[in-house]
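The next block holds one structure in the form of structure tokens; read it before the comments.
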Amino acid sequence: MPEPVPEESQSTELTGLFVEKPPENVTAVAGKDFTFIAKVDSTTLTRKPTMKWLKGKWMDLGSKAGKHMQFKETYDRNTKIYTYEMKIVKVVAGDAGGYRCEVTAKDKCDSCTFEITVEAAQQEEQADILSAFKRADAGEDEGDLDFSALLKAAKKKKKPEKEEPPIDVWELLKNAHPSEYEKIAFEYGITDLRGMLKRLKKMKTVEPKHSEAFLKKLESCYSVEKGKKIVLRCEVVDPDVQVKWLKNGQEIKPSAKYLMESSGNVRTLTINKTTLADDAAYECVVGEDKCFTEVFVKEPPVTITKLMDDYHVVVGERVEFEIEVSEEGAHVMWYFEDQELHKDKDSKFRFKKDGKKHTLIIQEATLDDIGMYHAWTNGGHTKGELEVEEKELEVLQDIADLTVRATDQAVFKCEVSDDKVTGKWFKDGVEVLPSNRIKMTHIGRFHRLIIDDVKPEDAGDYTFVPDGYALSLSAKLNFLEIKIDYVPRQDPPKIHLDTTGNMVSQNTIIVVAGNKLRLDVEITGEPAPTVVWSKGEQPITDTEGRVRVENRKDLSCFVIEGAERDDEGNYTICVTNPAGEDKAMLFVKIVDVPDPPEHVKCTSVGEDTATIVWEPPKFDGGAPIKGYLMERKKKGSSRWTKLNFDVYESTTYEAKRMIEGVLYEMRVFAVNSIGLSQPSLNSKPFMPIAPTSEPTRLTVHDVTDSTCSLRWLAPEKIGAGGLDGYVIEYCKDGDTQWVVANQELCEKQGYVVRGLPVGEKINFRVVAVNIAGRSPPAILAQPVTIREIMEHPKIRLPRELRTKYIRKVGEKINLTIPFQGKPRPIATWYKDGQPLDPKMVSVRNSNVDSILFIRSAEREHSGTYELVLQIENMEDRASVIIKIVEKPGPPLKVRVTDVWGFNAALEWEPPRDDGNCEITGYTIQKADLKTKEWFTIYEHNRRTNCTASDLIMGNEYMFRVYSENLCGLSEEPCHSKNTAVIAKTGLIHKANPYKEKDMTCVPKFTQPLVDRSVVAGYSTAISCAVKGFPKPKIVWMKNKMIIGEDPKYLMQNNQGVLTLNIRKPSSFDGGKYSCLAVNELGQDEVECQLSVHVAVDPDKK
């Protein structure tokens, strides 16, 4: 196995992130499970680390996750340590080799390597060596070499032979040509040829043989992802030679998939759109010379795009678990609990593939199928739960008792809830068999027993028993005998009502809506009486139609076909003859399935629950409501899931085992003794949402005599309901009544509770609120005493105000000086020791800062401003020097002092008004009196004199000078009082007697060094000015020690202005600095004290 490749990236910092690593050398026993553990400390990481388990150089084991290799990740919140586990189930020999685990987190990474050695189990010491290389489902490589069918055929032909000595397959492979590897694998049944070849490569050490045909051979191996392109490249000695490319010993022909190119000495083979079939050994052949390589095709992980749903069914129903994967033709493994499901002839499970859809089908679910079903791919996992309940049969229509006369037809009818249920009919406990006169039918949910030409022996108790259920339906058949007696000629009419059968009382008949009512009433009387049926006061005379009367001799039949609700009422039969009359009153009650329940709605939700309420149906069908059945579905789906199989009596139901953040709809059925109503209207969509967890890190930020400032962090778990805000509550210590501090929800993570009693101990708590309600409260561990905390006043002067604050005339000044102190300090401003004039300067003070505001700065605003902060007898002071500057006035007394040749010497005096800041230079211009056009001859001239050169002979010049400071040039120049006339050549000039001035001068410092105090870490400079002629030599010293060529110091000399720059001084650079100027006439020295102090953060202080 190749050694792990070191990281080459220069931008990633290699740090020790592992706190526990797998052991470097591991010996595993074949067939046993083995687990590797790595732990990573995330306390210094800004984001979650990513772990990769690798085998060899390139193989990412994450794509091999499945039954053989399992990966697990856990996180400990207390220690902030991530634990990663890799478990190899039933180790095989192919798992041996070098491994690497690599963890990365933004700009940090760490890795460790370990080696696995696989030993055979002790009881298998004599096993065939080939058995160690049978590849597992998710072993080292994909693309199984399956010779099982050929091996089975070989077993059939095998005859008993003499035992031959065992053949050493290793020796065969060592000495064989690579083109014969496949043949040896076929002959000896090797299923993991590639794994054996890799181990063989480690076993044999082949001396590198110099090739005369190749300048550069192919790489030892190549890796490519499935579907991508790969290029195999080598270089040959002869640029005109032809090469052959072989794949597993077979020559490759040029095609759209395989492109062979030749460019000079370079030969390339390009393989387009690689598949698992391209995972093979390749050769490039030049005459007798060859070079070899292997191409490994990595299959990308297949992810699951549509997860599995849960099912809730009854026994016998069909179940289809359906998922969708990211690629067509992907391999999906199905598991029931921990047992893998296979497609066998006798198996009850069926597997279906349709493009990216994969379906597990259970034709008829049983109670044994209850459990969790899993679907695994090499890059994903999903699961669904199957719940199966015992099927219960409901009687929708019971058998009614019948009373019939001879030769009439008797029909027993019942209706059950399952149209697939069969059953048997019994008479007085004896099974009824079909005959010409007796017929039994089963149409849908209806079962009928029809007896034609009823005879007296047909009377008795009839029972229908459904198959497979402990249930029976019984009714009685009464035979009506007609007796002929001698009657007198005159006999009053008589109505003979049979109170048995479907009469629940003497005058009430119950009929199921949709069924037929046939009431046969025997009538006696001589002469034959007249029969009149009426409903209320309305007589019924129809002899045909849905509601009709059929009169026969001694019998009157009242028939209602397909009973409806309007048919309910009081019915009267009246019989009359000359001898008298008789009346009977009947009440026909129509019963039906109830109306659907109304106003189904969700009243409250939880993390995975919802409370549903509804109103009973307006019409109960004439029979009491037994209860309700509920169903739910996801919004947008068409599949309803039953929530209960037993009738639920209440009108409030709590639905459980729902998914948070998913929209659901509910509907309800009403059930009475007749049957099941139509479903109610769907409820409005609702979403199970849980309250958040409690807020975290509740702390007290500030306390005064009447307020308390609280701060906290958001809850760790918010969920799909989001976060609407917070409620802050408080109560006195020892009390149990909490008072709400905020009337409206607080959206920020901080709040100031006001109006608290001074000196009381108060408990505080904070509750997060969302659409699902209130979270558990976050409570302070200790009560808070409401009393102002004394804090010393402290002014935090901004850094830019610690030096002179310079602004131009007319600019706006707005200085904010923050401070701290409790109780609220009194802030007072002074200018140059005097109280501020509110007409000139505006001041605004708050609890935490003081603002000094000048709308338009004037020169008189310059000065030293002092802020005094007082709390009782404690105070703090800070000063700010404000300097208001403007443009300077013009120089004074500009004059031409000398003219010689083509030159003129000028002198002037500094301006009376320097604009309240240092004059930085002068600008000198000249103009010819002929043209009077001005030209600049000097800018930023620091001296009060200059020499104008290159003047034109014969011209007369005038001059003007502008003064300059920080704000710019003066508004007006000063013109020279006299002019400079450049005389023409040849004229005799009688020069005044000139005595050369002695310019020699002893060195003398015109500007001394000034003591300074600086902050450590900020570069600074000290400067002075010197004059002297000849030019003096300058020596800088620190504490009387000469500063040499130290790179920390930079020494400059600009026209006598000496500067020593000190780069980022530390506390060791403080001391006494001196500057010595020396020439042949003498020397002079100046010195200063430099103090360096370390800046201290006021907060930390």
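Placed from the backbone N, Cα and C atoms, the Cβ positions cover glycine too.
Note: TrEMBL annotation is automatic and uncurated.
Since the structure is predicted, the reported quantities are computational estimates derived from the model, not experimental observations.
The feature domain 'Ig-like' is assigned by TrEMBL to 6-117 (among others).
Under the heading domain 'Ig-like', TrEMBL lists 208-303 (among others). Model confidence over the domain 'Ig-like' (208-303) stands at 86, taken as the mean pLDDT rounded to a whole number.
The annotation domain 'Ig-like' is assigned in TrEMBL to 391-463 (among others). Across the range of the domain 'Ig-like' (391-463), the DSSP-based residue counts are 3 helix, 37 strand, 33 coil.
In the domain 'Ig-like' (493-587), the DSSP tally of helix, strand and coil residues is 3 helix, 60 strand, 32 coil. Feature annotation from TrEMBL assigns domain 'Ig-like' to 493-587 (among others).
The annotation domain 'Fibronectin type-III' is assigned in TrEMBL to 596-692 (among others).
As annotated by TrEMBL, domain 'Fibronectin type-III' applies to 694-789 (among others).
Here TrEMBL flags 793-865 (among others) as domain 'Ig-like'.
Per TrEMBL, domain 'Fibronectin type-III' is recorded for 890-985 (among others).
The domain 'Ig-like' annotation in TrEMBL covers 1003-1091 (among others).
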I'd like the per-state residue tally for the domain 'Ig-like' (6-117) from DSSP, helix first, then strand, then coil. 7 helix, 62 strand, 43 coil
Leading stretch by Cβ pairs under 8 Å, where the reference is the domain 'Ig-like' (391-463) and the options are 6-117, 493-587, 596-692, 890-985, 1003-1091: 493-587
Helix-strand-coil residue split for the domain 'Ig-like' (208-303), DSSP-based: 3 helix, 50 strand, 43 coil
Across the domain 'Fibronectin type-III' (890-985), DSSP labelling yields 0 helix, 52 strand, 44 coil
DSSP-wise, what's the residue breakdown of the domain 'Fibronectin type-III' (694-789) into helix, strand and coil? 0 helix, 45 strand, 51 coil
According to DSSP, how is the domain 'Ig-like' (1003-1091) divided among helix, strand and coil residues? 3 helix, 58 strand, 28 coil
